[in-house]
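Student: Can you read through this structure? Questions will come right after.
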Amino acid sequence: MREYAVFTSESVSEGHPDKMADQISDAILDAILKEDPYARVACETLVKTGAVVLAGEITTTANIDVEAVVRQTVNGIGYHHSDLGFDGSTCAVINMIGKQSPEIAQGVDRQKPEDQGAGDQGLMFGYASRETDVLMPAPISYAHRLMERQAELRRSGALPWLRPDAKSQVTFAYENGKPVRLDAVVLSTQHDPEITQTQLKEAVIEEIIKPIIPAEMFHAATKFHINPTGMFVIGGPVGDCGLTGRKIIVDTYGGMARHGGGAFSGKDPSKVDRSAAYAGRYVAKNIVAAGLADKCEIQVSYAIGVAEPTSISINTFGTAKVSDELIIQLVREHFDLRPFGITRMLNLIQPMYKQTAAYGHFGREGSNTAFTWEKTDKVEALKDAAGL
(Lines of atoms letter the chains of each structure in order from A and count residues from 1; the text may use other names and numbers.)
(Lines give C-alpha, C1' and ligand atoms only; values in the text may rest on other atoms or scores of the structure.)
Protein backbone atom coordinates (compact mmCIF):
# COMPACT_ATOMS: atom_id res chain seq x y z
CA MET A 1 0.00 0.00 0.00
CA ARG A 2 1.37 3.41 -0.97
CA GLU A 3 2.40 5.60 1.97
CA TYR A 4 0.91 9.07 2.47
CA ALA A 5 3.13 11.99 1.41
CA VAL A 6 1.36 14.23 3.94
CA PHE A 7 -1.15 13.44 6.66
CA THR A 8 -3.41 15.68 8.76
CA SER A 9 -5.21 15.13 12.07
CA GLU A 10 -7.24 17.41 14.30
CA SER A 11 -8.05 17.77 17.98
CA VAL A 12 -10.45 19.91 19.97
CA SER A 13 -10.29 21.41 23.46
CA GLU A 14 -12.20 20.41 26.58
CA GLY A 15 -14.39 23.47 25.98
CA HIS A 16 -15.51 22.37 22.52
CA PRO A 17 -19.25 21.59 22.77
CA ASP A 18 -18.90 17.98 21.62
CA LYS A 19 -16.15 17.40 24.17
CA MET A 20 -18.26 19.05 26.87
CA ALA A 21 -20.92 16.45 26.13
CA ASP A 22 -18.37 13.62 26.29
CA GLN A 23 -17.03 14.83 29.63
CA ILE A 24 -20.50 15.17 31.14
CA SER A 25 -21.41 11.63 30.03
CA ASP A 26 -18.20 10.22 31.50
CA ALA A 27 -18.50 12.25 34.71
CA ILE A 28 -21.91 10.65 35.26
CA LEU A 29 -20.42 7.22 34.49
CA ASP A 30 -17.63 7.80 37.04
CA ALA A 31 -20.07 8.95 39.72
CA ILE A 32 -22.12 5.80 39.24
CA LEU A 33 -19.11 3.44 39.19
CA LYS A 34 -17.93 4.86 42.54
CA GLU A 35 -21.09 3.43 44.14
CA ASP A 36 -21.90 0.54 41.81
CA PRO A 37 -18.92 -0.93 39.90
CA TYR A 38 -21.16 -3.31 37.94
CA ALA A 39 -23.70 -0.75 36.76
CA ARG A 40 -24.88 -0.75 33.16
CA VAL A 41 -24.48 2.76 31.80
CA ALA A 42 -25.17 4.29 28.39
CA CYS A 43 -25.38 8.04 28.95
CA GLU A 44 -25.79 10.52 26.10
CA THR A 45 -25.54 14.30 26.46
CA LEU A 46 -26.62 17.26 24.33
CA VAL A 47 -25.48 20.79 25.15
CA LYS A 48 -26.84 23.98 23.61
CA THR A 49 -27.36 27.56 24.76
CA GLY A 50 -28.52 27.49 28.38
CA ALA A 51 -29.28 23.77 28.56
CA VAL A 52 -27.84 20.30 29.10
CA VAL A 53 -30.06 17.40 28.01
CA LEU A 54 -29.32 13.87 29.25
CA ALA A 55 -30.70 10.68 27.70
CA GLY A 56 -29.82 7.01 27.56
CA GLU A 57 -30.23 3.84 29.56
CA ILE A 58 -28.79 3.22 33.04
CA THR A 59 -29.38 0.28 35.38
CA THR A 60 -27.72 0.75 38.78
CA THR A 61 -28.09 0.62 42.54
CA ALA A 62 -26.21 3.92 42.82
CA ASN A 63 -28.04 7.03 43.94
CA ILE A 64 -26.21 10.05 42.54
CA ASP A 65 -27.09 13.72 42.16
CA VAL A 66 -27.00 13.89 38.37
CA GLU A 67 -27.66 17.62 38.24
CA ALA A 68 -24.78 18.35 40.63
CA VAL A 69 -22.42 16.22 38.52
CA VAL A 70 -23.43 18.13 35.39
CA ARG A 71 -22.96 21.55 36.97
CA GLN A 72 -19.61 20.65 38.51
CA THR A 73 -18.35 19.34 35.17
CA VAL A 74 -19.45 22.37 33.14
CA ASN A 75 -18.01 24.81 35.67
CA GLY A 76 -14.79 22.80 35.82
CA ILE A 77 -14.35 23.06 32.07
CA GLY A 78 -14.47 26.83 32.36
CA TYR A 79 -18.05 27.82 31.49
CA HIS A 80 -18.88 29.42 34.82
CA HIS A 81 -20.14 32.90 33.94
CA SER A 82 -22.89 34.30 31.74
CA ASP A 83 -20.33 36.51 29.99
CA LEU A 84 -19.02 33.31 28.37
CA GLY A 85 -22.49 32.50 27.06
CA PHE A 86 -22.90 29.42 29.24
CA ASP A 87 -22.93 29.11 33.03
CA GLY A 88 -22.83 25.70 34.69
CA SER A 89 -24.45 27.10 37.82
CA THR A 90 -27.59 28.40 36.10
CA CYS A 91 -28.07 26.30 32.94
CA ALA A 92 -31.11 24.02 32.68
CA VAL A 93 -30.45 20.30 33.23
CA ILE A 94 -33.05 18.06 31.58
CA ASN A 95 -32.81 14.38 32.58
CA MET A 96 -34.41 11.84 30.22
CA ILE A 97 -32.40 8.79 31.30
CA GLY A 98 -34.23 5.44 31.45
CA LYS A 99 -33.28 1.83 32.26
CA GLN A 100 -31.47 -0.73 30.11
CA SER A 101 -33.69 -3.17 28.23
CA PRO A 102 -33.98 -6.55 30.02
CA GLU A 103 -33.57 -8.19 26.60
CA ILE A 104 -30.03 -6.78 26.40
CA ALA A 105 -29.30 -7.70 30.01
CA GLN A 106 -30.23 -11.36 29.46
CA GLY A 107 -27.66 -11.55 26.65
CA VAL A 108 -24.87 -9.95 28.66
CA ASP A 109 -25.25 -11.19 32.24
CA ARG A 110 -24.12 -14.73 33.10
CA GLN A 111 -23.76 -16.87 36.24
CA LYS A 112 -20.03 -17.23 35.50
CA PRO A 113 -18.46 -13.78 34.95
CA GLU A 114 -16.04 -15.22 32.36
CA ASP A 115 -19.02 -16.07 30.15
CA GLN A 116 -20.30 -12.47 30.06
CA GLY A 117 -21.52 -11.76 26.56
CA ALA A 118 -20.70 -8.69 24.50
CA GLY A 119 -23.18 -5.86 25.02
CA ASP A 120 -23.67 -5.50 21.27
CA GLN A 121 -22.31 -6.66 17.96
CA GLY A 122 -19.58 -4.57 16.40
CA LEU A 123 -16.03 -4.21 15.17
CA MET A 124 -13.24 -2.33 16.91
CA PHE A 125 -9.69 -1.38 15.97
CA GLY A 126 -6.46 -0.79 17.85
CA TYR A 127 -3.30 0.78 16.47
CA ALA A 128 0.28 1.67 17.36
CA SER A 129 3.34 2.85 15.44
CA ARG A 130 6.88 4.01 16.12
CA GLU A 131 6.24 7.57 14.89
CA THR A 132 6.36 9.04 18.42
CA ASP A 133 7.66 8.02 21.83
CA VAL A 134 4.10 7.20 22.91
CA LEU A 135 3.71 4.93 19.86
CA MET A 136 1.01 7.09 18.31
CA PRO A 137 0.76 8.81 14.91
CA ALA A 138 2.50 12.19 15.03
CA PRO A 139 -0.35 14.38 13.66
CA ILE A 140 -2.95 13.41 16.28
CA SER A 141 -0.39 13.25 19.08
CA TYR A 142 0.79 16.82 18.53
CA ALA A 143 -2.73 18.10 17.82
CA HIS A 144 -3.76 16.86 21.29
CA ARG A 145 -0.71 18.37 22.96
CA LEU A 146 -1.49 21.76 21.40
CA MET A 147 -4.96 21.68 22.92
CA GLU A 148 -3.57 20.67 26.31
CA ARG A 149 -1.15 23.59 26.10
CA GLN A 150 -3.98 26.00 25.28
CA ALA A 151 -5.89 24.82 28.35
CA GLU A 152 -2.79 25.02 30.54
CA LEU A 153 -2.13 28.65 29.58
CA ARG A 154 -5.82 29.53 30.00
CA ARG A 155 -6.12 27.94 33.43
CA SER A 156 -2.82 29.34 34.74
CA GLY A 157 -3.69 32.87 33.64
CA ALA A 158 -0.54 33.12 31.52
CA LEU A 159 -2.79 34.07 28.59
CA PRO A 160 -5.84 35.38 30.48
CA TRP A 161 -7.76 36.30 27.33
CA LEU A 162 -8.10 32.66 26.24
CA ARG A 163 -11.55 31.05 26.51
CA PRO A 164 -12.40 27.33 26.70
CA ASP A 165 -13.37 26.51 23.09
CA ALA A 166 -10.53 25.71 20.68
CA LYS A 167 -9.48 23.45 17.80
CA SER A 168 -6.15 22.39 16.33
CA GLN A 169 -5.12 20.69 13.10
CA VAL A 170 -1.62 19.47 12.29
CA THR A 171 -0.19 18.37 8.93
CA PHE A 172 3.11 16.47 8.70
CA ALA A 173 5.05 15.55 5.58
CA TYR A 174 6.17 11.91 5.48
CA GLU A 175 9.13 10.14 3.92
CA ASN A 176 9.47 6.36 4.06
CA GLY A 177 6.52 6.21 6.41
CA LYS A 178 8.02 8.60 8.96
CA PRO A 179 7.09 12.24 9.74
CA VAL A 180 9.96 14.48 8.68
CA ARG A 181 8.62 18.05 8.73
CA LEU A 182 5.66 20.16 9.75
CA ASP A 183 3.71 21.32 6.72
CA ALA A 184 0.92 23.28 8.42
CA VAL A 185 -0.74 24.09 11.73
CA VAL A 186 -4.28 25.38 12.11
CA LEU A 187 -5.22 26.64 15.55
CA SER A 188 -8.45 28.44 16.35
CA THR A 189 -9.11 29.56 19.90
CA GLN A 190 -11.98 31.37 21.53
CA HIS A 191 -10.87 34.61 23.17
CA ASP A 192 -11.97 37.73 25.01
CA PRO A 193 -13.11 40.56 22.70
CA GLU A 194 -10.35 42.96 23.82
CA ILE A 195 -7.39 41.04 22.37
CA THR A 196 -6.21 42.09 18.90
CA GLN A 197 -5.70 39.49 16.19
CA THR A 198 -2.04 40.48 15.90
CA GLN A 199 -1.46 39.88 19.62
CA LEU A 200 -3.39 36.63 19.49
CA LYS A 201 -1.49 35.21 16.51
CA GLU A 202 1.90 36.03 18.01
CA ALA A 203 0.98 34.52 21.38
CA VAL A 204 -0.47 31.34 19.85
CA ILE A 205 2.61 30.71 17.72
CA GLU A 206 5.19 31.58 20.38
CA GLU A 207 3.44 30.31 23.53
CA ILE A 208 1.34 27.38 22.30
CA ILE A 209 2.77 25.95 19.08
CA LYS A 210 6.54 26.35 19.35
CA PRO A 211 6.89 24.89 22.87
CA ILE A 212 5.03 21.73 21.77
CA ILE A 213 6.24 20.79 18.29
CA PRO A 214 9.97 19.90 18.02
CA ALA A 215 12.02 22.71 16.48
CA GLU A 216 13.56 20.39 13.88
CA MET A 217 10.10 19.78 12.38
CA PHE A 218 9.65 23.43 11.38
CA HIS A 219 10.92 24.63 8.00
CA ALA A 220 10.76 27.78 5.93
CA ALA A 221 7.51 26.79 4.22
CA THR A 222 5.60 25.73 7.35
CA LYS A 223 2.19 27.41 7.22
CA PHE A 224 0.44 28.85 10.28
CA HIS A 225 -3.32 29.47 10.16
CA ILE A 226 -4.25 31.13 13.46
CA ASN A 227 -7.94 32.00 13.91
CA PRO A 228 -8.20 32.24 10.11
CA THR A 229 -11.76 33.62 10.20
CA GLY A 230 -10.75 36.42 12.56
CA MET A 231 -12.77 37.03 15.74
CA PHE A 232 -13.74 33.95 17.78
CA VAL A 233 -15.53 35.39 20.82
CA ILE A 234 -18.78 33.41 20.57
CA GLY A 235 -18.01 29.74 21.16
CA GLY A 236 -18.87 26.66 23.14
CA PRO A 237 -22.54 25.59 23.24
CA VAL A 238 -23.65 29.08 22.19
CA GLY A 239 -21.84 28.77 18.88
CA ASP A 240 -22.59 25.10 18.21
CA CYS A 241 -24.69 22.28 19.62
CA GLY A 242 -22.60 19.57 21.29
CA LEU A 243 -23.33 15.84 21.35
CA THR A 244 -21.69 12.84 22.98
CA GLY A 245 -19.77 10.64 20.55
CA ARG A 246 -19.28 13.10 17.70
CA LYS A 247 -15.48 13.21 17.91
CA ILE A 248 -14.60 9.54 17.46
CA ILE A 249 -11.61 10.22 15.19
CA VAL A 250 -10.24 12.83 17.60
CA ASP A 251 -10.69 10.26 20.38
CA THR A 252 -8.63 7.59 18.59
CA TYR A 253 -5.90 7.88 15.95
CA GLY A 254 -6.76 11.00 13.98
CA GLY A 255 -7.77 9.01 10.91
CA MET A 256 -4.45 7.18 10.60
CA ALA A 257 -6.13 3.91 11.59
CA ARG A 258 -9.55 2.49 10.79
CA HIS A 259 -12.51 3.00 13.11
CA GLY A 260 -15.42 0.65 13.78
CA GLY A 261 -17.85 3.53 14.32
CA GLY A 262 -18.66 3.13 18.01
CA ALA A 263 -18.10 6.03 20.39
CA PHE A 264 -16.62 5.70 23.89
CA SER A 265 -17.93 8.26 26.36
CA GLY A 266 -20.82 7.49 28.67
CA LYS A 267 -20.44 3.71 28.24
CA ASP A 268 -19.52 1.24 30.98
CA PRO A 269 -16.94 -1.50 30.22
CA SER A 270 -19.56 -4.08 29.24
CA LYS A 271 -19.93 -2.05 26.04
CA VAL A 272 -17.29 -3.48 23.69
CA ASP A 273 -17.41 -0.28 21.62
CA ARG A 274 -15.26 1.12 24.41
CA SER A 275 -13.56 -1.77 26.19
CA ALA A 276 -12.53 -3.71 23.07
CA ALA A 277 -11.13 -0.55 21.45
CA TYR A 278 -9.04 -0.03 24.59
CA ALA A 279 -7.94 -3.67 24.43
CA GLY A 280 -7.05 -3.23 20.76
CA ARG A 281 -4.75 -0.33 21.63
CA TYR A 282 -3.21 -2.41 24.44
CA VAL A 283 -2.51 -5.30 22.08
CA ALA A 284 -1.14 -3.15 19.25
CA LYS A 285 1.05 -1.07 21.56
CA ASN A 286 2.61 -4.12 23.19
CA ILE A 287 3.26 -5.71 19.79
CA VAL A 288 5.09 -2.60 18.59
CA ALA A 289 6.89 -2.02 21.90
CA ALA A 290 8.07 -5.65 21.83
CA GLY A 291 9.61 -5.11 18.40
CA LEU A 292 7.37 -7.60 16.62
CA ALA A 293 6.43 -4.83 14.16
CA ASP A 294 7.00 -1.11 13.66
CA LYS A 295 3.33 -0.53 12.92
CA CYS A 296 0.33 -2.62 13.90
CA GLU A 297 -3.43 -2.44 13.46
CA ILE A 298 -5.72 -5.03 15.02
CA GLN A 299 -9.42 -5.60 14.34
CA VAL A 300 -11.67 -7.54 16.71
CA SER A 301 -15.38 -8.18 16.26
CA TYR A 302 -18.19 -9.43 18.50
CA ALA A 303 -21.74 -10.80 18.46
CA ILE A 304 -24.22 -9.60 21.06
CA GLY A 305 -24.47 -12.03 23.97
CA VAL A 306 -21.38 -14.02 22.89
CA ALA A 307 -18.17 -13.87 24.92
CA GLU A 308 -15.52 -14.94 22.42
CA PRO A 309 -14.64 -12.50 19.60
CA THR A 310 -16.06 -13.55 16.25
CA SER A 311 -12.77 -12.56 14.59
CA ILE A 312 -9.26 -11.26 15.30
CA SER A 313 -7.27 -9.76 12.42
CA ILE A 314 -3.82 -8.15 12.27
CA ASN A 315 -2.18 -5.81 9.73
CA THR A 316 1.48 -4.87 10.22
CA PHE A 317 1.83 -3.04 6.88
CA GLY A 318 4.96 -4.97 5.90
CA THR A 319 6.85 -3.91 9.05
CA ALA A 320 6.67 -7.18 11.02
CA LYS A 321 9.75 -9.13 12.15
CA VAL A 322 7.65 -12.31 12.33
CA SER A 323 4.59 -13.47 10.39
CA ASP A 324 1.20 -11.89 10.98
CA GLU A 325 -0.15 -15.41 11.57
CA LEU A 326 2.28 -15.89 14.47
CA ILE A 327 1.31 -12.49 15.88
CA ILE A 328 -2.39 -13.47 15.83
CA GLN A 329 -1.49 -16.71 17.63
CA LEU A 330 0.42 -14.74 20.27
CA VAL A 331 -2.50 -12.35 20.69
CA ARG A 332 -4.83 -15.27 21.38
CA GLU A 333 -2.37 -16.77 23.87
CA HIS A 334 -1.43 -13.62 25.81
CA PHE A 335 -4.55 -11.40 25.72
CA ASP A 336 -8.04 -12.33 26.94
CA LEU A 337 -10.35 -10.49 24.54
CA ARG A 338 -13.64 -11.69 26.01
CA PRO A 339 -15.59 -8.77 27.55
CA PHE A 340 -15.00 -9.92 31.13
CA GLY A 341 -11.38 -10.76 30.30
CA ILE A 342 -10.79 -7.26 28.96
CA THR A 343 -12.35 -5.66 32.03
CA ARG A 344 -10.17 -7.78 34.33
CA MET A 345 -7.00 -7.42 32.23
CA LEU A 346 -7.25 -3.62 32.07
CA ASN A 347 -8.90 -3.01 35.45
CA LEU A 348 -11.75 -1.13 33.79
CA ILE A 349 -14.32 -1.24 36.59
CA GLN A 350 -13.17 1.95 38.27
CA PRO A 351 -14.15 5.63 38.00
CA MET A 352 -11.42 6.86 35.66
CA TYR A 353 -13.30 7.81 32.53
CA LYS A 354 -13.86 11.57 32.70
CA GLN A 355 -10.13 12.20 32.22
CA THR A 356 -10.22 10.19 28.98
CA ALA A 357 -12.97 12.37 27.49
CA ALA A 358 -10.68 15.21 26.34
CA TYR A 359 -7.29 15.19 24.60
CA GLY A 360 -7.52 11.62 23.32
CA HIS A 361 -8.05 8.20 24.83
CA PHE A 362 -4.69 6.92 23.56
CA GLY A 363 -1.06 7.98 23.85
CA ARG A 364 -1.49 9.13 27.46
CA GLU A 365 0.57 8.01 30.46
CA GLY A 366 -0.64 4.60 31.60
CA SER A 367 -0.85 3.32 35.18
CA ASN A 368 -2.79 0.74 37.18
CA THR A 369 -5.59 3.22 37.82
CA ALA A 370 -5.87 5.23 34.60
CA PHE A 371 -5.16 4.63 30.91
CA THR A 372 -4.28 1.04 31.81
CA TRP A 373 -4.37 0.12 28.12
CA GLU A 374 -1.22 2.22 27.63
CA LYS A 375 0.93 -0.11 29.76
CA THR A 376 3.54 -2.24 27.97
CA ASP A 377 3.66 -5.05 30.52
CA LYS A 378 3.32 -7.82 27.91
CA VAL A 379 6.53 -6.91 26.06
CA GLU A 380 8.88 -9.50 27.57
CA ALA A 381 6.35 -12.32 27.27
CA LEU A 382 5.75 -11.48 23.60
CA LYS A 383 9.48 -11.25 22.86
CA ASP A 384 10.15 -14.61 24.46
CA ALA A 385 7.24 -16.29 22.70
CA ALA A 386 8.30 -14.85 19.33
CA GLY A 387 11.94 -15.79 19.82
CA LEU A 388 13.19 -12.20 19.59
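Yeah, the Cβs are placed from backbone N, Cα and C, and that goes for glycine too.
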Student: Tell me which of 12-22, 100-110, 364-374 corresponds to the region 'Flexible loop' entry in Swiss-Prot.
Tutor: 100-110
Student: Measure from the Cβ of Asp240 (ATP binding site) and count the other Cβ atoms within 10 Å, all protein chains considered.
Tutor: 15
Student: Provide, as an integer number of angstrom, the distance between the C-alpha atoms of Asp18 (Mg(2+) binding site) and Asp240 (ATP binding site).
Tutor: 9
Student: Taking DSSP as the reference, which of helix, strand or coil describes Lys267 (ATP binding site)?
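Tutor: Its secondary structure by DSSP: strand.
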Student: Nearest to Asp240 (ATP binding site) in three-dimensional space, by Cα, is which of the binding-site residues Glu44, Glu57, Lys271?
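Tutor: The answer is Glu44.
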Student: Please report the DSSP secondary structure of Lys247 (ATP binding site), reduced to three states.
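Tutor: In three-state terms, Lys247 (ATP binding site) counts as coil.
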Student: Of the binding-site residues listed here (Glu44, Glu57, Lys271), which is spatially closest to Ala166 (ATP binding site) when Cα positions are compared?
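Tutor: Going through Glu44, Glu57, Lys271 one by one, the closest to Ala166 (ATP binding site) is Glu44.
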Student: Please find, for His16, Asp165, Ala166, Lys167, Asp240, Arg246, Lys247, Ala263, Lys267 as listed binding ATP, the greatest distance between any two Cα atoms, in Å.
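Tutor: Taking every pair of listed residues, the largest Cα separation comes to 25 Å.
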